[in-house]
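Pulled from TrEMBL, these are the features on record:
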type	residues	note
DOMAIN	1-211	domain 'Deacetylase sirtuin-type'
ACT_SITE	72	active site, proton acceptor
BINDING	80, 83, 105, 116	Zn(2+) binding site
REGION	223-271	region 'Disordered'
COMPBIAS	223-234	compositional bias 'Basic and acidic residues'
COMPBIAS	243-259	compositional bias 'Basic and acidic residues'
């Protein structure tokens, strides 16, 4: 199984509107809108970012997740069904739909007598699976506290995660939508940007004088190493505790203090 979230989901009749036409702002429009976005970020005290599936892995977020609420799961994460311990891998775990991956938890029990040995399951939700309460509550709280919500690469069609940006609007905050296709909440947006997310965010970081460092962490593997049986253990490295990651390897896009003016706090909610 490769990293193809949509292909791995079960058949489902109501997937929202798919195949909508893509729109592109002209270079002049894009520059003007990014200038406006940069000004909004400078004036904000709390910024929450809602991203579509796949965006987080391209910027290395799997290894640093303190301010990340992953509502629909992560293809690189396994979770113990007994103690709840999560393991972040550097390759795809190989299953979807909260199924056993074939691995077992190695967290020591009290007094270190033996390991937990609980079954590990993937964290990817299928259509009928409920959202994780912990992540949903975190995303809800962050959205209510924010005075600026930015959505990246999501159509905002799936409930309840797609409605989280509206919580910021209801509290008097602003909403910026960055997506090539129309979204469900375009009419509520204070700013609508039609452009590639990587290009928009690169320009935004330049205007905010924030350097985008080269990712120096472990390489991300898009295929599990054992494809014979998805329930067999996969031979890939794991990071069970994000505190072991070197400071310079952490991605600044979700850092609590990303050196924005007024020390605006940035949090991320994947939708």
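Cβ coordinates are placed from backbone N, Cα and C, and glycine is handled just like the others.
TrEMBL entries are annotated by machine, without manual review.
Here the features listed in TrEMBL are placed on the structure.
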residue	record	Cβ within 10 Å
80	Zn(2+) binding site	20
83	Zn(2+) binding site	12
105	Zn(2+) binding site	21
116	Zn(2+) binding site	17
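Within the model, the domain 'Deacetylase sirtuin-type' (1-211) shows a mean pLDDT value of 81, rounded to a whole number.
Within 8 A of the CB centroid of the Zn(2+) site residues 80, 83, 105, 116, the other residues of that chain are 81, 82, 84, 85, 104, 106, 107, 115, 117, 118, 120.
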